[in-house]
Amino acid sequence: MALLKSFVEVHPDSHFPIHNLPYGVFKPQPSSSPRPGVAIGDYVLDLSEIASAGLFDGPLLRNSDCFLQPNLNKFVSLGRPAWKEARATLQKLLSATEPTLRDDTELRQKALVPLSSAELLLPVVVGDYTDFFTSLHHTKNCGLIFRGPQTPVLDNWYRLPIAYHGRASSVVISGTDIIRPRGQAHPSGGSTPYFGPSLKLDFELEMATIVGPGNELGKPVDINNAEDHIFGLVIMNDWSARDIQAWEYIPLGPFLGKSFGTTISPWIVTLEALEPFASQAPKLDPPPLPYLTEKVSKSYDISLEAQIKPAGHEDSGVVTRSNLKHLYWTLTQQLAHHTINGCNLRPGDLLGTGTVSGPEPESRGCLLELTWNGQNAVSVNGLDRKFLEDGDEVILTGYCKGRDYTIGFGTCSGKIVPAAP
Ligand SMILES: O=C(O)/C=C/C(=O)CC(=O)CC(=O)O
Ligand SMILES: [Ca+2]
Ligand SMILES: [Mg+2]
């Protein structure tokens, strides 16, 4: 690629260089209406202003009102040709050599909003949320902890990407407080369930696909077209109450132990921006059925990290570092499998990858694994943690490091506040 540089100054460590241009939804002022934007350095470019100025002048977006909406659902429904057109238009408008926006003081002042003053909102209306379970390391560790050493990973796991249907209503944007859930749990050794605030509140370090056009009911997505239905990715924290979960989820799966809150990062990083970081996906053994066999099987090299910031502390401490490339099933296999029975996906649906644990003990993606269900503590700035305490803030982040730039996701954070009385 020719040297791409913006007239907007971008710090070399910024997550948001001109190569990224992730999409979000924001309000420039508390009283403004929500509108789409892309992040560039320390600014958000207001796409409603760019559209109103007639600057989306390509054939697909010229007459579209997709950027005059309070969410990105319409834009993501348009599909890859429109996404590529928007990216080309925006990279040109923001480039150092293009005068249209650079030299129009009035438009620049309206359209470039400092990130520090913007309120970031959920980028899409999430109609449905599904969570997969595609890290072999996470699956093995959970199996050993919850089910013992006999068969920590069941045979079906290697044959299909296992998932459960999550709860879309409690998907929240980064920065939203998470109220410690109350519920039933089985006390060890006891026969009567305990009821009260969860004693084993955990985070899960995940990423999630934001679905693009989706499919009609009854018409599965072919595995080799599945990529056309992936608009981009976000970082996700699938908060989990391990005590509630362990007691309630046999035999039907996760329910109240997970549905009290799921946090996503505000910026959707597109597959176009991630393409330079695509890598060969792991070889599956046994080979998958034909409907899950893809001509090109891609992973992405995305470094992931979880930090905890205890109440009253200035600094956060890193508790784990992992990478999206550790996943066994690809994003496209997850998506194609989801539709194989005819189930329809809709624009803005959220498909969690599952907890992204790596092979080393330091790369485990949740406290359940890191502390082996509370048997050991991890150290956070000199404090011991087995599970999350009130006031703890969990900060997830992810990025791809290129030679001259970083493609980042920003942060996905949430603070635990005490349970309702
Ligand atoms: O293995 C279990 O019993 C439980 C696993 C989870 O809670 C993980 C889940 O939400 C899916 C994932 O994040 O991989
Ligand atoms: Ca999960
Ligand atoms: Mg959840």
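If you go along the chain as it appears here, the first residue is 1 and each next one adds 1.
Quick reminder: no glycine exception, Cβ is built from N, Cα and C everywhere.
Unlike curated entries, TrEMBL annotations are predicted automatically.
Here TrEMBL has ASP131, GLU204, GLU206 binding Ca(2+), and the candidate from ASP103, ASP104, ASP177, ASP238 in that same listed site is ASP238. With a cut-off of 6 Å between Cβ and the nearest atom of ligand 2, the recorded positions ASP131, HIS138, GLN245, TYR249, THR262, THR355 reduce to ASP131, THR355. Remark: THR355 (substrate binding site) has PHE133, SER135, HIS138, GLU204, LEU205, GLU206, ASP238, GLY365, CYS366, GLU369 as non-local neighbours, by Cβ distance under 8 Å and separation of at least 6 in sequence. By the rule that a residue counts when its Cβ sits under 6 Å from some atom of ligand 1, the recorded positions ASP131, HIS138, ARG147, GLU204, THR262, THR355 yield ASP131, HIS138, GLU204, THR355. Candidates ASP131, LYS258, THR262 (binding-site residues) were compared with GLN245 (substrate binding site); those inside 10 Å Cα-Cα are LYS258.
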